[in-house]
Protein chains: 2
Amino acid sequence: MKETRGFHVAVLGATGAVGQQMIKTLEQRNFPIKKLTLLSSARSAGKAVKFKGESILVQEAKPESFEGVDIALFSAGGSVSKQMAPEAVKRGAIVVDNTSAFRMDPEVPLVVPEVNEEDLKNHNGVIANPNCSTIQMVVALEPIRKEYGLSKVIVSTYQAVSGAGSAAIQELKDHTKALLAEEPFEPKILPVKSDKKHYQLAFNAVPQIDVFTENGFTYEEMKMINETKKIMHMPNLKVAATCVRIPVETGHSESVYFEVEKNSVTVSDLQGILLQADGVVLEDDPSNQVYPMPAHAVGKNDTFVGRIRKDLDEENGFHMWVVSDNLLKGAAWNSVQIAESLIKLNLV
Amino acid sequence: MKETRGFHVAVLGATGAVGQQMIKTLEQRNFPIKKLTLLSSARSAGKAVKFKGESILVQEAKPESFEGVDIALFSAGGSVSKQMAPEAVKRGAIVVDNTSAFRMDPEVPLVVPEVNEEDLKNHNGVIANPNCSTIQMVVALEPIRKEYGLSKVIVSTYQAVSGAGSAAIQELKDHTKALLAEEPFEPKILPVKSDKKHYQLAFNAVPQIDVFTENGFTYEEMKMINETKKIMHMPNLKVAATCVRIPVETGHSESVYFEVEKNSVTVSDLQGILLQADGVVLEDDPSNQVYPMPAHAVGKNDTFVGRIRKDLDEENGFHMWVVSDNLLKGAAWNSVQIAESLIKLNLV
């Protein structure tokens, strides 16, 4: 590595869809790295990955892999995180974990820097990166809450397949090609690889992301509900979610209904707030057909907000449409951004 | 024609996506037809369409075309309906109009037979078929309202491209092929042919169906809001809608939040009601991954309902997922069903 000043950073899950974006994001942000260690399962170890023109060999992750590591970005599945995070922390690393393993652990900060960067100060070695669909929603809601309060959220999502990993992306493409050619195709991964049945996502909409919980909501929906309350420090916020997978490769969209606490708030009040908000790009000009869409959000770190409307019945109710790249703000960028915040706050 | 008993039926817009389904549905239902007249614009006239093994020539629609017609099914655009419906009625036909031309006219019944068949008795020659996305929602809501009351509805839609016509279906397919082959493609139809800008629908989600109104809602959204109130005879029902086009060929899906008036209603109460409801098929068994999806609903007349959940915060709040074939229950089948109701009620 050329940098001599900087941090020893490890990426665990370096060959996955999110891991690849983490490495790209570290490069694009010119993150202060003195050494980059790339880790994976035994199956993917041995692959070479480019970083700033150099080729780095991916190694099998072992407890010893974290010796001397300052910051470890984890994105290799919940069970790997549960096993490896304590090993990394024991060796002095700070873990930024992109799985759901520690998100609801009261000892672990769950952080979206635009919303609750200060929570990083209470970390005990592990920081959790929230679920992709939660992150972009709270980025849009927090500036509104700060100014006008927030009492209720009902969200319906339109989620891209890349959240389910590289193999799921390939299955969507292969199935789409087969349908266009009127050839048979047997899905084996979507909607949830580990679940019993597999369904077509190509030219379809599947109202299941992650498996179902006892109350009829999916884990994905319960993540959105519980994580939103934790990140926003609002245990009593009313939140409901319906999570749906649609045939989009990358970029989650959300139809968000919300109620504010102050009266007489207008659409242009909200537009004004969001125009100034960190990490938000306002795209809201219906008369010129300007509104966010996943195809336009791919590859960008921002959260795009538009179609802000006042509810026609509820005095304090509003609707908006929120779009972001689920691999970037929803995962890789938010993780790297947490690492940047740790440096800024002198916590690493 | 073989039938000598029966009605003289005309289909206006016979070569369009919905018109074709109307003709198929008339055949499948063995509708009592003594003569079938197929009508279109001058541009499409001269084509031959099969009906019960016979080939029928499509003629250019003119006022005289409706001489002797008993029932005319219209699906050729709002301006054609406005021009031709009075001509057809003057000549003694009853018009079932699938466009938005007359839907909110207080003199015109807006009918979904499972919900308000009785309104047909007040017709003055024209009966309006509601918007596709409205029909399937009220079919699911009405049996619930009857038993438990209904005070509020918030819907987010996942709408198929076939609602935008045959050329839009082709554009989705062509654009999808181009993206898979990494070739350029210039959309010219979607999201709304007559609007200024055109966007990719392939692997995208577009929060615009029809053009925008002054209040920031689209016409499609305002149709769902206003038509639901009219069909259900609930001018004060709180209804909000966000309408989104997704890359699905046929089959609209809807994430519906609603509040009932009675207390202590349970999910299994609602399942019990919907299991018995006309036109509804309950597909609600999360533990076996049974839920409605557009790919499974295509070609069927029913409205499929699943993912019924109790809201975690609102005592009387529930969520459900409603799917139906937008060309059938959303258009052709509902129109033919209205015609069947007219016969049943001795109104024709």
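A Cβ is built for glycine as well, from the same backbone N, Cα and C atoms used for every other residue.
Note: TrEMBL annotation is automatic and uncurated.
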TODO: Have a look through A:ASN316, A:ASN326, A:ASN334 and flag the one TrEMBL assigns to the NADP(+) site that A:THR15, A:GLY16, A:ALA17, A:VAL18, A:ARG43, A:SER44, A:SER162, A:GLY163, A:PRO184 belong to.
DONE: A:ASN326
- [ ] Please state how far apart, in Å and to a whole number, the two most distant Cα atoms are among A:THR15, A:GLY16, A:ALA17, A:VAL18, A:ARG43, A:SER44, A:SER162, A:GLY163, A:PRO184, A:ASN326, the recorded NADP(+)-binding residues.
- [x] 31
Open item on the list: For the C-alpha pair, I'd like the distance in angstrom between A:GLN159 (substrate binding site) and A:ARG43 (NADP(+) binding site), rounded off.
Closed with: 29
Open item on the list: By the count of other Cβ atoms within 10 Å, pick out the sparsest of the recorded positions A:ARG43, A:ARG103, A:ARG245, A:HIS252.
Closed with: A:ARG43
Task: Neighbourhood of A:THR15 (NADP(+) binding site), C-beta criterion under 8 angstroms, separation at least six - done: A:SER40, A:SER44, A:LYS47, A:VAL49, A:VAL58
Task: Nearest-integer angstrom distance between the alpha carbons (Cα) of A:ARG245 (substrate binding site) and A:HIS252 (active site, proton acceptor) - done: 9
Task: Spatial neighbours of A:CYS132 (active site, acyl-thioester intermediate) that are distant in sequence (at least 6 apart) but have CB under 8 A - done: A:GLN159, A:GLY163, A:HIS252, A:ASN326, A:LEU327, A:GLY330, A:ALA331
Task: Cα-to-Cα gap, A:ALA17 (NADP(+) binding site) vs A:ARG103 (phosphate binding site), nearest whole Å - done: 21
TODO: Name the secondary structure element type, per DSSP in three states, that contains A:GLN159 (substrate binding site).
DONE: strand
